[in-house]
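Student: Dropping a structure here in structure tokens format, bear with me for questions.
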Amino acid sequence: MLTIKNWQLLSENDKKLCLSRPRQSSAIKENVLEIINQVQLSGDKALYDLTKQFDRVNLQYLQVPQEKIEQANIPKNALNAITQAIGTISSYHQSLLPENTEISTASGITIRNVYRPIQKVGLYVPGGNKTPLVSSLLMQAIPAKVAGCPIKVLCTPPDAEGEINEHILVAARLCGIDTIYAIGGAQAIAAMAYGTESVIKVDKIFGPGNSYVTQAKTLVAIDADGAAIDMPAGPSEVMILADTEANPEFIAADLLAQAEHGPDSQVILICDECELANQVNQQLEIQMSYLSRIEFIKRSLANSRIIICSNQSEQLDIINSYAPEHLIINRKNPEPWVEKIVAAGTVFLGSWAAETMGDYVTGSNHVLPTSGFARNHSGLSTLDFMTRFTVQAINQEAIRNLGPAAMTLAELEGLDAHANAVQIRLNTLGD
């Protein structure tokens with residue numbers, strides 16, 4: 001079960017180790033670079049070869065035929081659930097649409113903010129250990145649709161027969177995506193970043209994935225010929241802050257829900273006393289016994305821990321230092337804590353706020369910064385699928401009033417051509 005650590009008894013170095021994430025292999029970067037190079041050099045052929053190598057599938061095609069998307073069919077209960085999720089996710093992301101604004105900064109000057117959808121976006125949906133990660137698709141496709149992105153392509157790994165799960169096809173169809181590639185892993189990221197004979201080169205790539213996918217996204221983002229990315233979204237994680245009144249059964253369930261994502265997921269509980277910690281560990285044993293992904297969970301829990309800390313100021317320091325992807329404040333009065341949180345992907349308030357609800361149906365986006373990136377990144381939103389540019393209108397009055405100041409600043413920086421561009425206009429005005 002989870003190791004219990006008393007925060008007050010730890011050295012500064014031990015505290016850092018207590019909040020450290022599982023380390024990724026240094027060999028991953030080299031392997032991913034090789035995959036990217038293969039795709040750049042050999043295009044479609046590399047995609048077929050790499051899919052055979054990693055997925056052990058001989059693909060019949062890279063792009064899913066249109067008729068397969070149109071004919072895909074799923075059980076009614078699944079269709080209803082997807083439709084309900086689309087409703088809440090759409091409502092939330094519609095609320096994030098920005099308005100074009102205009103301001104006058106000085107007499108004769110107006111500046112407008114203009115927002116436009118990114119023209120070509122690539123969405124990546126992981127394989128999900130042979131299960132269809134429909135929610136990952138919805139969390140990307142819906143804000144892309146709301147933003148108005150005209151070209152939306154989807155890459156997701158094929159199954160053993162080289163096909164895409166029909167739940168994914170139906171969800172994509174409902175979200176207006178008709179360009180789907182049966183490609184996964186780092187090779188999918190490379191294909192969308194650079195393009196191949198069959199795969200469209202996109203402007204920005206979205207979506208979570210394993211360490212290979214995350215590394216590939218990072219590498220293509222720093223290449224001028226590659227593509228922008230949403231964020232480095234790696235292994236999933238949750239941190240729970242609980243008081244003595246919290247239900248240990250609920251806490252254990254939330255920890256396990258995150259741990260089942262994969263062996264490199266991490267879960268951390270912060271609580272006031274050992275009694276609750278022991279009760280949670282007992283519940284973990286009970287609930288694990290009937291869950292299907294027990295091997296994933298066991299390996300994840302080995303990377304995880306319970307921290308005993310009764311000082312609220314120190315509890316906040318732990319949270320903000322760790323910057324969790326998901327933070328659950330399972331306390332009697334959680335709201336006052338929010339204003340003191342400075343780094344978290346998303347925050348769930350109260351005992352009924354199961355993180356599972358946020359994963360699927362609240363409407364908030366579940367593509368969130370991990371590995372501490374919540375310190376400087378936000379969760380995915382409609383704005384991530386848009387660009388903003390300014391429109392500046394400057395008339396003669398502004399040239400007269402502010403031109404001399406612009407010239408002075410240009411000359412201070414040794415840029416006489418800049419100053420000249422204003423001086424010529426002042427000369428024309430006769431000033």
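For all residues, glycine too, the Cβ spot is worked out from N, Cα and C.
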Student: Which of ASP178, ASP203, ASP359 shares the substrate site with SER236, GLN258, HIS261, HIS326, GLU413, HIS418 per Swiss-Prot?
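Tutor: When Swiss-Prot describes the substrate site, the candidate it includes is ASP359.
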Student: Taking every protein chain in this structure into account, which of the binding-site residues HIS261, HIS326, HIS418 has the most other Cβ atoms within 10 Å of its Cβ?
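Tutor: Max Cβ neighbours within 10 Å, all protein chains included: HIS326.
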Student: Could you tell me which of these recorded positions, GLU325, ASP359, GLU413, has the greatest number of Cβ atoms within 10 Å of its own Cβ?
Tutor: GLU325
Student: Quick one: of GLN187, ASN210, SER236, GLN258, which of the binding-site residues has the smallest count of other CB atoms within 10 A?
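Tutor: Sparsest of the binding-site residues GLN187, ASN210, SER236, GLN258 by Cβ contacts within 10 Å: ASN210.
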Student: Rounding to the nearest whole angstrom, report the longest C-alpha distance spanning SER236, GLN258, HIS261, HIS326, ASP359, GLU413, HIS418, listed for substrate.
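Tutor: Pairwise Cα check on SER236, GLN258, HIS261, HIS326, ASP359, GLU413, HIS418 gives a maximum of 56 Å.
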Student: Tally every other Cβ atom lying within 10 Å of the Cβ atom of TYR124 (NAD(+) binding site).
Tutor: 29
Student: Distance between GLU413 (substrate binding site) and GLN187 (NAD(+) binding site) at the Cα atoms, whole Å?
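Tutor: That comes out at 46 Å between the alpha carbons.
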